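Input: a single structure, listed below in structure tokens.
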Amino acid sequence: MPFYGYGRTAVAAVCLVGGLGIFFEGYDQGVMSGVNISPSYIDLMNLGDGATGTVTKTQKEGGIVAIYYLGTLVGALAGGALSDRIGRNYAVIIAGFWGLLGQSLQAAAQNVNMMLCARILAGIGTGGIAAVIPVWGSELVGHDARGAVMAFEMTVNFAGISASYWLEYLLAFVNGGNTQVRWRFPLAFQMIFLVALMIMMLVMPESPRYDIGNGKRSRGRQTLANFRARGDLDDEMVVAEYEEIIAAVELESKYEAFSFWNMVTGHKSGDLHLGRRTLLATWLQVMQAWTGVTSVVVYAPTLFKVAGFGDHKSQLLTGFQNLVTMICCVLAIFTIDRFGRRPALIVGGFGQSLCFFLLGALSKVAADRNSASFGAAAGSFIFIYDFVFATTWLSVPWVYPTEIFPLVIRAKGNAFGIVGWSIGCGTVSLAAPSMFGALGPNAFYIHAVFNLLAVAIVYCFYPETACRTLEEIDLLFASETPFVWETEKRFKELKAQHVGLVRGEGFRKYGVDEEAKARVDGIEEVSKMEK
């Protein structure tokens, strides 16, 4: 028996190790919320008056935060390409070395230029890890658990954000918070998570889809057996999935090796329509950032101040807000695969928009009337937004890019999701200080309107991927038009005429258990199999 166990035990091991990487990503993203308000940091970076904790150079503050996402963009593309070439595990380890370099330089930063360089290097490491870990996890677990695994990883993501905040909150009481330890130690502390992740990836299994697609079929099949059938290589489900992956590899092999240019433009991708998939993966993450989460994560103390709370109470509420979000993420583990990706995004978008409209209105009234009760009401909608976001929009943009790309370029494809995350988070991080500084409570309406725009885009262009095998997705994107109603129509036609690419679970779904015992050898007509 492998050390990571069989079946659910193996899936739990993947969740824990993958969760460690995502925990680090969350910690690294959230740590700047406490760094930005440290007096020593404000003075050293010349952002304002450290004695009062007041930042007057908001664009400079935003620039230091945002340049990190330039690094994550580069790291995502490099990590995705490297992962498809040398494997998921080794790509994560290499990204970890970049992260260690960047984090150590951040903790030792002596001026703005050094901090900017360190943030770019740290971002490269984080971007590489964030691009590869979700793909690695989605390819190891069953198709009906991908969403739940990602929801778990998003839970630990916010656990990382919360851990960074509470650590910095406690350090604020050391010598009145006027120490360099208040911001240098949290930046250095996260290197522990990186080292642990790199060690664990050395002993965890490689993705079976990567192995099978790169000439290591026996090892890939054994990994499938360990995760699906307690090591039984001849189990009907293992055989069906193994042959299904081989069929997908052969189907995709008629296309040239895809470069990033092919993926962005769709050039020479034929019926795979890679340009469409790349745009969907990228834009979904951009939309997630602009639905308001980046403003809430990085500038939560500022938002509570805009809502009318004092400095200390704003910091305390931010800590509790992160804990609430982490707890709410648990709900998505049980709902994301059951209700699907599209319903979660559409319902969540409407709910988040309503939260920001009410948050803006109540904050404006609280400021005009100097009313503590209206301020409290406004602050409550930040918590309600966290609940809606955690159960809907948090996990889906992370799992969706891992589902929609062909095997041969899956890690490269997911990298474009991280590119979108980098663009979205970077632009919001850069704009938010000036946006809230200039508009005050009215800035909440920008996020409210963008949520409604996101709902319309999802409704028109994002097809459902929940509980569809990774190999079925090629059929889902075979339509010549990008509209959902056309893609679903074409998918049904192809399912009835051409490639099955459905493993045993899928056969049972259509009421033909006996066919799950047959090997799927290449391309067969589903109509013959259903007789």
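Note that Cβ sites are derived from N, Cα and C of the backbone, with glycine treated the same way.
Per TrEMBL, the feature domain 'Major facilitator superfamily (MFS) profile' maps to 14-466.
The transmembrane segment annotation in TrEMBL covers 7-24 (among others).
Per TrEMBL, the feature transmembrane segment maps to 63-82 (among others). Under 8 Å from some Cβ of the transmembrane segment (63-82) lie the Cβ atoms of residues 32, 36, 45, 90-92, 94-95, 98, 102, 112, 115-116, 119-132, 260, 298, 411-419, 421-423, 425-427, 429-430, all in the same chain and six or more residues away from its ends.
What TrEMBL lists as transmembrane segment is 89-106 (among others). The list of residues near the transmembrane segment (89-106) in space but at least 6 beyond its ends in sequence, with Cβ under 8 angstroms from a Cβ of it, reads 21, 24, 28, 71, 75, 79, 82-83, 114-115, 117-129, 132-133, 136, 187-188, 190-191, 194-195, 197-198, 201-202, 204, 206, 411.
As annotated by TrEMBL, transmembrane segment applies to 112-136 (among others). Long-range contacts of the transmembrane segment (112-136) within the same chain: residues 14, 18, 21-22, 24-25, 28-29, 45-46, 60, 63-64, 67-80, 82-83, 88-89, 91-92, 94-103, 105-106, 150, 153, 194, 197, 207, 398-399, 401-402, 410-411, 414-415, 417-418, 421-422, each at least 6 residues beyond the stretch ends and with a Cβ under 8 Å from a Cβ of the stretch.
Taken from TrEMBL, the feature transmembrane segment applies to 148-167 (among others).
The transmembrane segment feature in TrEMBL is assigned to 187-204 (among others).
Same-chain residues lying 6+ beyond the ends of the transmembrane segment (278-299) with a Cβ under 8 Å from its Cβ atoms: 29-30, 32-33, 36, 65, 161, 263-264, 266, 321-322, 349, 352, 356, 382, 385-386, 389, 393-394, 396-398, 400-401, 404-405, 413-414, 416-421, 423-425, 427-429, 432-433, 436, 447, 450-451, 453-454, 457, 461-462. As annotated by TrEMBL, transmembrane segment applies to 278-299 (among others).
Among the features that TrEMBL reports, transmembrane segment is placed at 319-336 (among others).
What TrEMBL records for 343-362 (among others) is transmembrane segment. Within the chain, the transmembrane segment (343-362) has long-range Cβ neighbours (under 8 A, six or more residues past its boundaries) at 291-292, 307, 332, 335-336, 374-375, 377-378, 381-382, 384-385, 388-389, 391-393, 395-396, 441-445, 447-449, 451-452, 454-455, 458-459, 462.
Feature annotation from TrEMBL assigns transmembrane segment to 374-394 (among others). Proximity of distant same-chain residues to the transmembrane segment (374-394), defined by a Cβ-Cβ separation under 8 Å and at least 6 residues beyond the stretch ends, is recorded for 151, 154, 157-158, 288, 291-293, 296, 300, 303-304, 307-309, 317, 321, 324-326, 328-329, 331-332, 335, 344-345, 347-349, 351-352, 355-356, 358-359, 362-363, 365-366, 441.
Positions annotated as transmembrane segment by TrEMBL: 444-462 (among others).
Within the model, the domain 'Major facilitator superfamily (MFS) profile' (14-466) carries an average pLDDT of 85.
Same-chain residues lying 6+ beyond the ends of the transmembrane segment (148-167) with a Cβ under 8 Å from its Cβ atoms: 11, 14-15, 18-20, 22-31, 33-34, 133-134, 137-138, 141, 185-186, 189-190, 193, 297, 318-319, 322-323, 325-326, 329-330, 332-334, 336-337, 390, 394-395, 398-399, 402. Long-range Cβ contacts of the transmembrane segment (319-336) within its own chain (Cβ-Cβ under 8 Å, at least 6 residues beyond either end) map to 30, 147-148, 150-152, 154-155, 157-159, 161-162, 165-166, 169, 296-297, 300, 344, 382-383, 386-387, 389-392, 394-396, 399, 466.
Under 8 Å from some Cβ of the transmembrane segment (444-462) lie the Cβ atoms of residues 280, 283-284, 287, 290-292, 295, 341-342, 345-346, 349-350, 352-357, 359-360, 363, 400, 435, 482-484, all in the same chain and six or more residues away from its ends.
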